[in-house]
Each structure stands twice: as C-alpha cells, then as structure tokens.
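Here the structure comes first, spelled out in structure tokens, and everything after it is commentary.
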Amino acid sequence: MAAHAHAPYPDGEARSRLPNLFEVLSRRTLAPVDLFSFYIYMRDVQRSVDYLDFWLDVSQHMSLCRHYVRELRRSVLISTPDLEKAESKRSSQILSYPLDRTSSEQGPSGYQTGTNERMSNDQRLSAFLRYENGSKHSPHNSEGTNKSHDNTPGSEHPPRPSFMTTGTGNGNGSSPIHNSNGSPQNNVARADIRASAEKILYTYLLPGAEREIILPQSILNEITEAIEREGRDDPEVFDAAKDYVFQAMERDAFPGFLRAKALGNIVHPSMLLRLIIGLVAMFAGFWAAFVLIFLNKSSATRCWVILPFTVGVYSLASHQYMLDPVLALVGYSEYTFGSLHRVKEPFVRTLLNKRALMCLSWIVVVDAALCCLFIFVPSIRL
C-alpha cells in the first residue's frame, strides 16, 4: 500500500503533460521536476523556501495525527473493556474510516483530487481530535496528553525530521519518534501532536518567528486563537494558511520552476558562466577573423576562426535557451551548479530533446554563416 501511494504514476501510465504543483508536492513526479528539485529552486532562485517548509511541516503534522488516530483506534478495538464500549462508542464511530492514506495525497483543503472522500476524512479526523481534546480523556496515552501544556524550560519536544536530511520525508509515521530523553517510542502521544502544532506556530507564523512567512493577518489571528486560547491541535487549524501558501507557490514560483526544469536543464550560475564564455569567445573570433583578413592570410588559415565562433555561438545559445543541448540529448539536467542527474520524467525528456534539436539547428546555422563570411571573404593587405 505504501509503495503504491508513493508511486509517481498511480494509474500505472506515464504522464503525457507537465505536472501540476499538487503532483510535485505529492511526490508523484520524477527528476528533474520532483519535489527535491522544487525545494532547491525555492531555496536558490525564489529565496522563499520557508513557504515550502511550512507546507511540508503541515503535511507532517497531518501524518502525525493520522498515525496517532490509527494507533488509538487499534487500542480501542483491542484493549477497551466491555463496560467502556458504550462510553467510547462515539469515538469509535469517528475513528472508523480509512486512515491508510499518506501525507503524499494531501492537497490544500479546497483542492479537488477527483474525490470528496479525502476532504471528508480529514474533517472527521480533525473533529475526533477536537472531541478527544475536549473530553480530556485519551485511552492511548493520557500521561502524554497531560504533558501537552508543560512549558517548563526542561521540557523539549521532538522536531520534525528535516526534509533535506531524510531524503524521502514521507511522513507516514515510519520513522521512530523520540521523547524528551532521546529514547525511541513506537506510539505517538497526544503531546507530540500538540508540540507539532505549536512548533509550526512558533516557527513560521508568529511575528518575529525564526522563519516567519507572510500571511494575511486574519489567518494568523485565527490560527493563534485556535492553538493558544482554544487549545486546538487538529490539522484543520492550518487549512486556511495551507491554502494560501499553496496558491502563492502555484502563482509565483511554480511557472518559473517548470520553465527552468522542464524547458531547460542548466541553473543560473551555469547560464551566467556560459554568457561570459560566449561573449569572450565571440570577441576572440571577430578579432582573429579581421586580423587574418587584413594580414592577407589564405582561406585555409582563416578556417581556424571556426573554433572561437563555435564556442561562442554554442555558449550564447545555451544561455538564451537555458539549455545545454548536448546534456539534454544524453539525458542529464543540473540540480545545482556542476551537479548532474539523469532526466527520468518521460514527458520532460521528450520536451528537452525537442528543444535541444531546435537549439542545435540554430547553432549550426549561425555558426556556419559566420564562418563562411569570414573564411571566404576576399582578404586585403593593410
């Protein structure tokens, strides 16, 4: 089930179009339009990786809640005495829905994923967490729940595993959770959920936070009121902020990401380097061509201008197209400067090959025109 959920193509067929932002965030795409590439683009180009980290942390929080409720449902079904079944009937009914979906299937709260079942399940999950929090009774770990409001200096809560260090960041509860003493524990306590919600609030949302993101004041007020005054920690608290961040990334960052990664295969430092090399090579080519003409050199000697002109035209065309045609034809793309990875998304590979052939055609035409002009023009001795 987990392998299928993280498969790039859930329907079993390769994508015949460019992916959308939801598919990238859901880890349903391959290099170079995968989540790792988008993370690097948000960090190095947009300089707004905090928005993406906020999205990932909220998705991790949702996974934590699902894991907690899944374990709680298991404990209710297995260990609840017969005398307590009537009392826990309502919570058991709320819990009796599929919880095997992973965080990779999370879109914004209003995002249409083809079915309304996901939205209903998430709402029921949040409703149960609010109900359990209000009942002040957690059969799963009542001790952890009582510690959720412990703000003493010695109390520490486990941070989210970093997306960049875990590699996959699947957030499906497979990585062990550690308590304040550092010892691993298999089950998620309600205190962990509370700590996760507070960590998101204090890291991204409060004014002056370490990685504060810009959100409408009304959304910030609602989240702060819900967490700090109402004591809520259910995933629905962050729905409005999650929607806003998704729309901001989709509007401001994602089109540029597709242009850079689906239509090109080099990063900005490489583009700048190619621009410099191209201008220098073109200057050298024109200087050598005019010198050889005015020195009355033969056409065979003047054929050496092919070298600087070819280098110059190739470098300038690569800068203009944001594409190295040779790299594209052999199936590689740059993640960072000098770091090459194979292109695995079939549709992107096709697009890059087409653009590479078109770019090479222009390179050959312009290079041939310049070389013929300066090789076969009559020379004159000054």
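In case you wondered, yes, glycine gets a Cβ from its N, Cα and C as well.
Annotated features, as they stand in TrEMBL:
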type	residues	note
COMPBIAS	104-119	compositional bias 'Polar residues'
COMPBIAS	174-187	compositional bias 'Polar residues'
DOMAIN	197-267	domain 'RGS'
REGION	83-119	region 'Disordered'
REGION	133-187	region 'Disordered'
TRANSMEM	271-296	transmembrane segment
TRANSMEM	355-377	transmembrane segment
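Note on the transmembrane segment (355-377): residues 263-264, 285, 289-290, 292-293, 299, 302-303, 305-306, 309-310, 313-314, 317-318, 321, 323, 325-326, 328-329 of its chain, located 6 or more positions outside it, place their CB under 8 angstroms from a CB of the stretch. DSSP states for the domain 'RGS' (197-267), grouped as helix (H, G, I), strand (E, B) and coil, give 49 helix, 0 strand, 22 coil.
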